[in-house]
Amino acid sequence: KRFPFFPLFFPSFRPFHVEPTNIVSVNDDAQRVTDEASAMNKRIHYYSRLTSPADRALIAPDHVLPAPDEIYVYSPLGTAFKVDSCTDGYGKNSSLVTIFMIWNTMMGTSILSIPWGIKQAGFTSGIILILLMGILTLYCCYRVVKSRQMIPLTDTSNWEFPDVCKYYFGSFGQWSSLLFSMVSLVGAMVVYWVLMSNFLFNTGKFIYNFVHDINVTDIVPGTNGSNKVICPSAASGQPPQNRSVMFSSGNRTGFELFEEWWDKSQTVPFYLIAVLLPLLNLKSPSFFAKFNVLGTVSVVYLVFLVTVKAAHLGIHLEFNWFTENEFFVPEFRILFPQLTGVLTLAFFIHNCVITLLQNNKNQENNVRDLSIAYFLVGLTYLYVGVIIFASFPSPPLSKECIEQNFLDNFPSDDIMSFVARIFLLFQMMTVYPLLGYLARVQLLRQFFGNAYPSLVHVLILNLAIVGAGVAMARFYPNIGGIIRYSGATCGLAFVFVYPSLIYMISLHRAGQLTWPALIIHIFIILLGLANLIAQFLL
């Protein structure tokens, strides 16, 4: 820690294999050094478990050896970024940094589908469900944090939640947690591929039309004026292509050729293969960790975009509690489980929350910091979802026109939406290899004991993952549907079943299990099961 330049002169130095140093505590300063060494060794041990010693992708990052005036945050997606604040200088994070880490990790692509989910559930029931799902998933997350502390072993400080599942359920817990973890990872990668295809298509369409001075009127209903909002679903059952009915340029043949080779579902998803498949096969994707801050920038910009659009469009609400009319949806709809499926993934952090909280400076504040982070995440989802739904111009358009990706409600020539798509496209292209690396580490290491057994093994796995993304972008480009299916599936295990079962087993072994606790947690399990089943019925 005192010599951050040491690895520069000794490149072969690998902190993963340094044995813990036993320091005798003789006074307060010595005790602090002991705590510092202990914290560092725990973190090094955790990183070393994610990959083989020959793989430098997860070599101890700079924040293991922090400079006195800076701190680095490590997210469970393998990304490291610097936060311009200070800790106590002994490897511990302040509550503010811990809250930001949790918020930044939970905020993802689900935010794009929250307005659609509110439309599916109804405005009033949508708000209520966001609040209730936030509280329920927070409670289950709290049970995950406490689950490790309830194990009667001397040292479980390096355990993650899958380790806890293995302790309670044996090999079934180990392999089932791997399965559901892969569902969440592959589901996220499929959603990313669909969104990247969408963003790349609209970005290319904007650039081509701008360069060739083509004024295009899409064959979709929409509002007039400078802040145009469109309704792609009213034109056809599929998202709109680059078809047009009016040109200011006479080069119709060139435009039609562009339309043929630049198609949202027919061609663009395949173009991404040439860029992303080679990146997935890299042994070390650590270079892309430097761009993690783009995720925060993208969310902040989306909030800014929503605010500006709402200020120009105004509020368009009409409360119809159970009846539907031409422009508005009822306040309560039977399709509400579609929103709960999206929210299960939107609030999902349960498989990595122990990692995020273990280096909190004041461990007694973990519950408070976790609650504040969940409150901020829920507030962000509520703000974006409610503002988009309320400001959607009805009439002349119906609220049913709100798309599963709300950016699709803005035409490709909208400047602010174009900037948002550029931000999100670049951010997702840098995160995608990291997700693929995590999937490779978790799966191949379980079966072959090595995260990179050979190029053939890695290539086959990556082809399967990329093939799933291309197939979904080609035949089922509905991110709301993909998010709710994957969210309800992995959430059943990590959010509802495992935390509740582990808590009940722990109470039973301690002779403290009561009927109210048993009934409440069985009810939580049944809610998770009903949430999954409902996704396939509605």
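Backbone N, Cα and C atoms are what each Cβ position is placed from, and that goes for glycine too.
Features as listed in TrEMBL:
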- 94-205: domain 'Amino acid transporter transmembrane' (DOMAIN)
- 273-534: domain 'Amino acid transporter transmembrane' (DOMAIN)
- 96-116: transmembrane segment (TRANSMEM)
- 122-142: transmembrane segment (TRANSMEM)
- 175-195: transmembrane segment (TRANSMEM)
- 266-282: transmembrane segment (TRANSMEM)
- 294-315: transmembrane segment (TRANSMEM)
- 335-357: transmembrane segment (TRANSMEM)
- 369-390: transmembrane segment (TRANSMEM)
- 418-439: transmembrane segment (TRANSMEM)
- 451-476: transmembrane segment (TRANSMEM)
- 482-505: transmembrane segment (TRANSMEM)
- 517-537: transmembrane segment (TRANSMEM)
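With DSSP classes pooled into helix, strand and coil, the tally for the domain 'Amino acid transporter transmembrane' (94-205) is 96 helix, 0 strand, 16 coil. Between the transmembrane segment (451-476) and the transmembrane segment (266-282) there are 3 or more Cβ pairs closer than 8 Å, counting only residues 6 or more apart in sequence, so the two stretches are in contact. Ranked by Cβ pairs under 8 Å to the transmembrane segment (418-439), the stretches 266-282, 335-357, 369-390, 517-537 are led by 266-282. Remote same-chain residues near the transmembrane segment (369-390) are listed as 95, 98-99, 102-103, 106-107, 110-111, 114-115, 117-119, 123, 126-127, 130-131, 134, 137-138, 141-142, 145, 299, 302-303, 306-307, 309-310, 315-317, 343, 346-347, 353, 357, 360, 399, 402, 406 (criterion: CB distance under 8 Å, separation of at least six residues from the stretch ends). In terms of C-beta pairs under 8 Å, the stretch of 266-282, 482-505, 517-537 lying closest in packing to the transmembrane segment (335-357) is 482-505.
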